[in-house]
Structure formats: structure tokens, C-alpha cells
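Asks: Submitted below is the structure of interest, expressed as C-alpha cells.
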Ligand code: CP3
């Protein structure tokens, strides 16, 4: 039994004293102890070394009273396991030397055995669970097939992912084959994470908002929903679609336990679109953590009062920025922990 199960209660839709809180990208660059490790080990070495991944997962937990841990890893370990040799390059970010641009390349991509290729992630889960000692739940995650395709085709980050979009519109057959291969790998990967003991899985659709509502259905949601269908009998599935407010109604009809929302939607409207029945997660503007601790506290209180304390997981509307002062992140978390119904 997990001692602090506020996060799981919110996912089950149960009433709570206060909402649970965690921050997307909490195990990352805003922490000085994480940055200190960068000089010693490169990024994917940290992902591939279970002892390091478990230790990084614990960094924010040791500092702050968070209600959930998220395993330190990256969404790109999945395409790596499929044979795409992603590197993390300084001041560039994710980098794939030979991006996927043709049907022939897609046909040559394999759906790997996840135990052979991603065993280090499962070992990291085991070590992390020992360190967590059942104090709080551990969240496992994967990128959405569309978001992974964006990096595979573009070869790197992008503002609009127009090469990835052109690829889908010019070669829909190749795009769908690639999306299906990513989906099949992701389902096997997340199922194994659940077997290893994560309490929930979150699918990050960071670039879903680049698509029109119609294209979102065809190139993103269709595949995310396959993951939801496969995993929801086994665990809680949370879907975070950045910029995907237009899909909230459709997503609400699925078997997700919660939906993540970004800061561009009002809490009241997100509640309307999700029938007032869905657990919602979000949606503090990550840049707002540059406000003073006093302002952050005031804004967090407002955010909770507007979403309501039940069926709600306090979080940012996207990952924490690398330059956020520690005390501002703390102000955000403490404001949720200290929140009282008025
Ligand atoms: O704390 C956590 O949330 C767990 C760890 C986590 C990381 N990446 C670690 C990481 C998670 C959940 C991710 C997900 C991820 N990775 C996403 C989806 C979420 C989102 O923010 O949209 C995406 C799009 C990626 C791909 C990726 N990995 C990018 C775009 C970058 C940043 C590159 C840059 O230089 O800005 C990464 C690197 C990365 N992943 C870092 C961390 C802590 C920074 C690594 C470093 O600089 O040392």
C-alpha cells in the first residue's frame, strides 16, 4: 500500500482534503544537483544507468513534499529501441543524424522486444521503487506516437514541425505505418512498466497542438487511443496533449483516468468540455514561476478554487523551465500542500 495516495485518489475521482501536486519535468535541469551530474555523464548515459536514473527521480522528492514521482528517462528511448540513434546535443537538443523521410526507411524499422532493448528502464523502476519505499506513487510515461514521429521525421526539435506534417500529408501510408510501429512498441513498453510496479502512466503529446482538429484525430488521437485501450485495463492512463484543448470532448469519451491541460484554457471551460466528470491535471503557466513566491501562492490558490479540489491534480501546463529559482518551485508546491477550502 502506498502511504500518500492522494494522486491515486484524484485519478479514481475520490474526494480529497486537498489536490495532489507534482510538476512535469520535475526531475530535471532546474535542480542544481541534476546540473552537477551533467558534467560527469551525458544525458542518455543517465537514462541508461538504472542507479543514476533512480537517483535523479528522487532528487525533487528529497527537496519538496511532492505527491508523485515521475521516473527520470526520456520519450526518445522508444525510437532509440526501434533503431533510431538519437543523441542529445548541447544547445541543439534531440538530434537524429538520418531522419526518417521515406517508406523504405519506415519499412526497415522494427518493433523491438522491449525487454531486450529497454531493460534498463525496467531496472530503474525497480531501484526507484525501493528508494520510494511506498511513500508516494511512481508515474511511468511515454511520448505519444505523433510526438515521437515529429522527432523521427524532423530529426530534431522544431517550432512548427512542418517537415513532420508534410511527411504525413505527402506520404500518409508511410506515416501511418510508422505511427503504428511506434504505437505497438509503446504499448509493450508501458505494459512492462506496469508489471514492474508504476502506479499510472502518462502519455505526453507535446506537439499534438500543431495539428488541426481533423488531422489530430487521424495522426495523433487514433494512436493514443490504442494505447489507452490497451493500458486502461491494467492501470490509470493520463493523457497530456499540449495545445489539444479542441480534443478534450473526444478524449473524455475514452478510458483515460485523467487529462492534462495547458495554461491557455480556462479551468471552467476545461470542466465544461470534459463534462464535469473527468479528473484534470494542470495548468499553471511554467513561465509564471518567474513571479514572486507571494504571487505564485495567490495564483495557485485561485487555480485550485477554479478547478475545484476534487478530480484535480495540481501541475504546470508544461514542463518546468530550466531557469526557475528553487524557492519559486517550492512556493508552487507548498501553495497546493497548504491549500485550505474557504
Ligand atoms: O521530470 C520528468 O518529467 C521526467 C523526465 C522527463 C524528461 N523528458 C527528462 C529530460 C520527461 C517526462 C521527458 C519527456 C520529454 N522528452 C518530452 C515530453 C514532455 C515535454 O516537455 O514536452 C519531450 C518532447 C522530450 C524530448 C526532449 N528531451 C527534449 C525536447 C529535451 C530538451 C532539449 C533541450 O536541450 O532543451 C530533452 C532533454 C531532457 N529530457 C532533459 C531532461 C531532464 C534535459 C537534459 C539536459 O539538458 O541535461
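One is the number of the first residue shown, and numbering goes on along the chain from there.
In case you wondered, yes, glycine gets a Cβ from its N, Cα and C as well.
Remember, it's a predicted structure, so these values are computed and weren't measured experimentally.
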Asks: If I go by TrEMBL, which of 44, 167, 219 binds substrate at the same site as 25, 26, 27, 28, 29, 74, 151, 206, 318?
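Replies: Record source TrEMBL; matching candidate: 44.
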Asks: Please count the residues of the domain 'Uroporphyrinogen decarboxylase (URO-D)' (20-29) that DSSP assigns to helix (H, G, I), strand (E, B) and coil.
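Replies: Summed by class, the stretch gives 0 helix, 1 strand, 9 coil.
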Asks: Please work out the helix, strand and coil residue numbers for the domain 'Uroporphyrinogen decarboxylase (URO-D)' (139-155) from the DSSP assignment.
Replies: 10 helix, 5 strand, 2 coil
Asks: Using only the Cα atoms of 25, 26, 27, 28, 29, 44, 74, 151, 206, 318, which the record gives as binding substrate, return the largest interatomic distance in Å, rounded to a whole number.
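Replies: Maximum Cα-Cα distance: 22 Å.
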